[in-house]
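One structure below.
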Amino acid sequence: MDLLLGIIQGLTEFLPVSSSGHLTLLSHLLKTDLNAYQTAVLHLGTLVSVVLFAFDGIRRSLRSWRIILNLIVSTIPAGVFGVLFEKQIDQLFSSPRFLPLFFSVTALILMFTRYSSSGEKRMENMSFLDALLVGIAQLFALFPGISRSGITVSSLLFMKYRGEDALQYSFLMSIPVVLGAGILGLEKGNVTILAPIFAFLSGLFALYVLSRSVRSGKIWQFSYYCLFVAILSYLVG
């Protein structure tokens with residue numbers, strides 16, 4: 001079970017297909033009780049993988065006070081919403097009822113990137129407004145089925161940021177959110193140490209695939225898979 005949870009978490013955390021949605025669906029299929037805090041513990045494994053994978057870029061980015069301030073702004077919406085509606089969000093992980101809707105939303109967002117022309121805006125020059133907007137977008141990824149990487153990268157592409165910068169900023173945004181959720185998960189979850197290890201290893205592979213898809217402008221292709229999972233979750237729900 002730990003092997004399966006870890007691999008699914010690692011692959012789906014960074015591929016724009018929603019790790020929380022997959023774990024909620026798996027929990028339903030296997031008749032297991034996997035809540036939001038337990039998935040957060042798995043996030044700690046993928047947190048290590050993103051830090052290692054993008055270490056040089058993260059180190060360079062954090063030398064800029066503007067980027068640091070923007071990250072704080074981007075983190076506030078999801079952080080505040082997650083604290084205020086903690087119980088309601090956790091309840092969403094106990095049932096696949098809304099998975100078809102949320103997976104479909106992710107599919108549509110990804111598909112729209114196919115028709116979005118590439119931009120030239122740089123992460124170093126991001127305005128506080130853009131930082132807030134992408135932070136609000138990340139807020140919706142608290143719902144299982146809506147991909148955090150998918151919605152943040154897509155939002156930045158819609159705002160005409162370069163693919164490389166959209167990817168890098170999405171990586172940076174994930175660190176405080178995943179770390180905070182993971183710490184809570186250590187207190188309330190029930191996942192052994194093996195699951196985060198498997199999540200770390202599969203997460204490295206997923207990061208490589210995501211990077212190639214964003215740089216080649218083909219992140220939209222994951223929309224087909226999300227639509228498939230939306231249909232599957234509807235059939236089994």
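Residue 1 is the first one shown; counting continues down the chain.
From the backbone N, Cα and C atoms, a Cβ is placed for every residue, glycine too.
According to Swiss-Prot, the feature transmembrane segment maps to 38-58 (among others).
Marked as transmembrane segment by Swiss-Prot: 65-85 (among others).
Swiss-Prot lists 92-112 (among others) with the feature transmembrane segment.
The feature transmembrane segment is assigned by Swiss-Prot to 126-146 (among others), with sequence analysis given as support.
Taking Cβ pairs closer than 8 Å, the transmembrane segment (166-186) reaches residues 36-44, 46-47, 50-51, 53-54, 57-58, 61-62, 67, 71, 74-75, 78-79, 82, 123, 126, 134-135, 138, 148-149, 152-153, 156-157, 210-211, 214-215 in its own chain, all 6 or more past its ends. The transmembrane segment feature in Swiss-Prot is assigned to 166-186 (among others).
Positions annotated as transmembrane segment by Swiss-Prot, on the basis of sequence analysis: 191-211 (among others). With a threshold of 8 Å between CB atoms, the same-chain residues lying at least 6 positions outside the transmembrane segment (191-211) that come near it are 2-3, 5-7, 9-16, 38, 41-46, 48-50, 52-54, 149, 167, 185, 219.
Under the heading transmembrane segment, Swiss-Prot lists 217-237 (among others), citing sequence analysis as support. Long-range contacts of the transmembrane segment (217-237) within the same chain: residues 15-18, 21-22, 25, 28-29, 95-97, 99-101, 103-104, 106-114, 118, 145, 147, 150, 153-154, 157, 163, 210, each at least 6 residues beyond the stretch ends and with a Cβ under 8 Å from a Cβ of the stretch.
Among residues of the same chain six or more beyond the transmembrane segment (92-112), those with a C-beta under 8 A of the stretch's C-beta atoms are 16-18, 20-21, 23-25, 27-28, 33-36, 39, 140, 143-147, 150-151, 154, 158, 219-220, 222-224, 226-227, 229-231, 233-234, 236-237.
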